[in-house]
Amino acid sequence: MKILLIAGGWSPERQVSLNGARAMVPALEARGHEVTFFDLLENFNGLLAAAEQHDFALINLHGAPGEDGLVQAMLDQVGCPYQGAGPAGSFLALNKCAAKQIFRRAGLPTADWDFVPAFPGKDWQPRLPYPLFVKSNTGGSSLRLGRARNRAELDDIMGQIFAAGEEVIMEPVLPGREVTCGILGEDPLPPILIEPVAGDFFNYESKYEQDGARELCPAPIGDELTARVQELTLAAHRALGLRGYSRADFILGPDDSLTLLEVNTLPGMTATSLVPREARTIGLDFGQLLERLMELGLADCKKKQM
């Protein structure tokens, strides 16, 4: 197929996107596909024209545009198939506050949260007790994520987020370990247990640097907990109306409780990424995983045209 590989963009996660796309090109070409690399930052105005000249668009964007559903909506306008969630599901998943409302309504276990769209007054106090995890409401890759133990630390982190033009969401710091689980089609993949080495939580360095974290796959958490993680992952995927694939992140508490953190609709595709690691556990190499995502995207496009 003639594949338009859409990457780059202008979000703070641009470099992560480019790194993943560089890994995808040889895997696709080895399977006989003709790949056109398309950097959204350099030629956003040419997206629709380029999409019309290709059989499939592989989206490897992080943040907005891309995870916000804009690119998907544009591709839908010209009938170009792509992998993963459509515009609405992408937008809902990217907005953590909106997604958490949907999770809560669906009966999924998610932590309490405060949403702060603009810098509050000096007399304001967070509703939740310290310490708090503070992050961008629409950011990803654990960028602009911090732990605040008091108002001074909270103001510092919020200031960085607001300076980037984004809103703040904060949650209590939950004891436990992080578990992540992908969906491929309607099938949950084997979960991964994440133990950060660089830092005490899964931040940007832990996520993308070699040896930044120990990622144990399949997660050594027993069959019962594994099944529960997979059940919740599929439930979150469906609650947001997603398609094709996604990845859900959880905190596994000391009492074996599970708390859903968020769902990623365009999971990372670098050499250290989580979903490719999970796919390898079930026998799919990187090229086979990409092929499966394209098969799912083509089938989804046909359904929309019926």
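Backbone N, Cα and C define each Cβ position, glycine as well.
Annotation comment: Swiss-Prot describes 127-180 as ATP binding site. Close to VAL134 (ATP binding site) in the fold, though at least 6 residues off in sequence, lie LEU145, GLY146, ARG147, ALA148, LEU154, ILE157, MET158, ILE161, VAL168, ILE169, MET170, each with a CB less than 8 Å from its CB.
Contacts of GLU262 (Mg(2+) 1 binding site) defined by a Cβ separation under 8 A and a same-chain sequence distance of 6+ are given as ALA93, LYS96, ALA99, ALA248, ASP249, in order along the sequence. Residues or ranges marked as Mg(2+) 1 binding site by Swiss-Prot: ASP249, GLU262.
In three-state terms derived from DSSP, GLU262 (Mg(2+) 1 binding site) belongs to an extended strand segment. Residues or ranges marked as Mg(2+) 2 binding site in Swiss-Prot: GLU262, ASN264.
Here Swiss-Prot flags 100-295 as domain 'ATP-grasp', drawing on sequence analysis.
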Enumerate same-chain residues with a sequence separation of six or more from PHE162 (ATP binding site) and a Cβ-Cβ distance below 8 A; give 'none' if the list is empty.
ALA118, PHE119, VAL168
If you run the three-state DSSP split on ASP155 (ATP binding site), which class comes out?
helix
Would you mind pulling the DSSP three-state label for ALA148 (ATP binding site)?
strand
Hey, how far is ASN264 (Mg(2+) 2 binding site) from GLY176 (ATP binding site), Cα to Cα, in Å?
21
Among ASP155, ASP249, the binding-site residues in question, whose Cβ has the most other Cβ atoms within 10 Å in this structure?
ASP249
To which of the binding-site residues ALA148, ILE169 does the lowest count of other Cβ atoms within 10 Å belong?
ALA148
